[in-house]
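Enquirer: Let me give you the structure first, and then I'll get to my questions.
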Amino acid sequence: MTDTPDPAAVLSPAVKAAVLSEALPYIRRFHGKTIVVKYGGNAMTEERLQRSFAHDVVLLKLVGLNPVVVHGGGPQIDDALRRIGKQGTFVQGMRVTDAETMEVVEWVLGGQVQQDIVMMINEVGGKAVGLTGKDGMLIQATKKLMVNKDDPSQPLDIGLVGDITRVEPAVVKALQDDQFIPVISPIGYGEDGTAYNINADVVAGKMAEVLGAEKLLMMTNTPGVLDKGGKLLRSLSAQTIDELFADGTISGGMLPKISSSLDAAKNGVNSVHIVDGRVPHCLLLEILTDQGVGTMISSH
């Protein structure tokens with residue numbers, strides 16, 4: 001089966017010039033600003049979308065923005081677990097993580113997945129550097145305490161899943177100042193050195209807050225947030241989100257994504273979007289054009 005051509009490759013010179021002209025005011029507006037991108041879903045597994053993502057990130061850096069990538073890797077973790085005869089289990093969108101699973105998470109995310117992303121960005125002209133929470137004490141964490149959403153009196157033990165207690169941004173800012181693109185694996189570490197698996201959406205949201213990011217973009221395998229009828233919701237307020245949580249419209253893996261997005265919006269991130277990672281060049285479309293490709297989250 002042949003690869004689907006990149007849409008950008010078949011544009012006429014006139015159309016490309018028009019696109020660049022449209023991007024100019026956005027480049028001016030966001031020059032020097034930090035953009036945090038949660039990279040996950042199909043965009044991580046389909047070759048043409050991988051290329052599109054890498055080119056977008058490098059272009060954003062070259063025109064003066066400061067992209068920071070926080071990546072997931074759920075399918076890769078599931079594959080690795082299957083190879084050792086384990087089945088992944090989730091509770092309220094969080095992966096149950098015993099000690100053996102945590103070992104797999106560390107070498108899959110901090111090794112295989114992270115290095116693949118770093119290499120991919122570097123191959124198209126960027127300078128990416130991989131980080132985990134241990135590097136520069138970037139992500140400090142403690143064991144996550146959860147309760148049954150249907151019965152808050154019942155605690156849930158989901159193993160070595162972490163809550164972020166502190167983000168130390170110095171190492172990220174130093175890399176940005178030297179024109180590197182940080183690629184962050186969502187692994188935190190406790191005071192005693194215990195490694196914790198942290199949901200990548202949560203890490204991306206907290207990183208955007210601490211870095212004072214202009215934008216947070218969460219890449220997904222859907223057009224954005226959908227209502228019960230499958231219709232795209234182009235914008236969500238805090239009140240609407242509460243209603244969608246209550247009636248079950250937002251559930252599973254979308255729960256931490258929306259919660260983290262709303263927290264980021266409430267804590268100073270100017271623009272938060274859930275974007276369709278299946279759309280080639282979705283980052284450029286969302287950041288540098290008038291055409292949005294997802295759902296905007298507002299704290300109001």
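Placement of Cβ uses the backbone N, Cα and C atoms for every residue, glycine included.
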Enquirer: Please state which member of ASN197, ASN221, ASN267 Swiss-Prot lists alongside GLY73, GLY74, ARG95 for binding substrate.
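Expert: Substrate site check in Swiss-Prot: besides GLY73, GLY74, ARG95, the record includes ASN197 out of ASN197, ASN221, ASN267.
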Enquirer: Do me a favour and check the Cα-Cα span between ARG95 (substrate binding site) and LYS257 (site 'Transition state stabilizer'); whole Å is fine.
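Expert: LYS257 (site 'Transition state stabilizer') has its Cα 14 Å from the Cα of ARG95 (substrate binding site).
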Enquirer: I'd like the number of other C-beta atoms within 10 A of the C-beta of ARG95 (substrate binding site), please.
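Expert: Other Cβ atoms within 10 Å of ARG95 (substrate binding site): 22.
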Enquirer: Might you list, by sequence position, any residue in that chain lying six or more from LYS38 (site 'Transition state stabilizer') with a Cβ less than 8 Å away from its Cβ?
Expert: VAL70, HIS71, GLY72, ALA200, ASP201, ALA204, LEU216, LEU217, MET218, MET219, LYS257
Enquirer: May I have the list of same-chain residues other than GLY73, GLY74, ARG95, ASN197 whose Cβ is within 8 Å of the Cβ centroid of the recorded substrate site, in sequence order?
Expert: GLY72, ILE77, GLY88, THR97, VAL105, LEU109, PRO186, ASN199, ALA200
